[in-house]
Amino acid sequence: MRIVVCIAFIMVVVVGCKAPKAKVTEKEKMLEVLKAVKGNGVLFGHQDTYAYGYYWKDVEGNSDVKRVAGDYPAVFGWELGGIEKGVEANLDTITFDNIRKYAVKAYGQGGINTFSWHPFSVIDRVDSWNTDKRVVDKIIPGGEFHEAFKEDLDALADFLNSVIATNGVKVPFIFRPWHEMDGTWFWWGSTCCTPEEFKELFRFTVEYLRNEKGLDQMLVAYSPDRNFYTREEYLTWYPGDEYVDVIGMDNYYDLYTEGLLDEAVKKLHIVIEYANEKGKVSALTESGYENIPDPTWYTSKLGRVLSDSIVAANISYALVWRNDPLKHFFFPYPEHASAKYAKEFLSRKDVWLLNDLVQFKNSSH
């Protein structure tokens, strides 16, 4: 009897000492959703969709996507350039208080937030498009402005950690730093630093934000521009699998004309193949056609690229750029000639807006 009792006691102790199952974080839930939509629908995204549109700004509940298609995008893009300067508004004149409010709203509605960052150089506070001076080698570890750069990252992290949902959790997001590095138009681009310097910048940025600033709600995207034709070229600037969750590509130019659409598809195949091998998310992280001079662009260009069987079955989202009032818009307003084509594109069963995403998540649980 004593032996039986002892064995029973040991079993109770062992069972009782099992570690509790770890709680799934909001970031992990978002990553699961991004992977689960693959092959079901491509999430449509739009930059700054709540903030402004054609002939309007800061109108509660407004969005040019909703005005045309009847629903909000599923992916919401926001820009944080200027946060490092301690100013009230970003480089596109949206206040950071509003960006915080919009990101919380998007999350509360069931959407996915992604943040880009075009910082002003810590050396002389010129904007991201000033390529007259080398910056990267001076802000990476060992550089003379490295400590000052860390202060910029502190300001960025403080804002991102302040984006708190109504239930008290930190809003999860995709962070897309140092994009289009294979181009020549940013101070972190191909003419202003070496691939190794860039990789060190990317790695340090992610490590510092994750490990020092506690951004455990952050997924990270890698998104070169279109300037590659092989996997090796695509990975020229790649910082490593441990630093990246979303394998992306920005591509405007290849989607302007019929003759380059096949190139856009081939490049997305490279993105998709690598993402699938590594178990990561793939995306068309930024695209569009400024002012949409081709009214059929959404159906005949973007729609055709997303109709490729490999692309349609694999990428999780495609985001188009912002609608700055009057002269810099990438999604049509209702009266624009392309509006009916954009609406047709967004009515496809395999292109999802916000309600499609919410319904999918609800049906999966």
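Cβ atoms here come from the backbone N, Cα and C positions, even for glycine.
Record features (TrEMBL):
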DOMAIN    25-350  domain 'GH26'
BINDING   His118, Trp185, Tyr252  substrate binding site
ACT_SITE  Glu180  active site, proton donor
ACT_SITE  Glu286  active site, nucleophile
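Annotated features taken from TrEMBL, shown on the structure.
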| residue | record | CB count, 10 Å |
| --- | --- | --- |
| His118 | substrate binding site | 20 |
| Glu180 | active site, proton donor | 22 |
| Trp185 | substrate binding site | 14 |
| Tyr252 | substrate binding site | 18 |
| Glu286 | active site, nucleophile | 26 |
Inset, instruction - Would you report the average pLDDT that the model assigns to the domain 'GH26' (25-350)? - result: 98
Inset, instruction - Quick one: pull the CA-CA distance for Trp185 (substrate binding site) versus the residue listed as 'active site, nucleophile', whole Å only. - result: 16
Legend entry - Distance [Cα-Cα, Å, rounded] between His118 (substrate binding site) and Glu180 (active site, proton donor): 11
Inset, instruction - Please find which two of His118, Trp185, Tyr252 have the most distant C-alpha atoms, given that the record lists them as binding substrate, and give only that distance in angstrom, rounded to a whole number. - result: 18
Inset, instruction - May I have the list of same-chain residues other than His118, Trp185, Tyr252 whose Cβ is within 8 Å of the Cβ centroid of the recorded substrate site, in sequence order? - result: Trp129, His179, Glu180, Gly183, Phe186, Asp225, Asp250
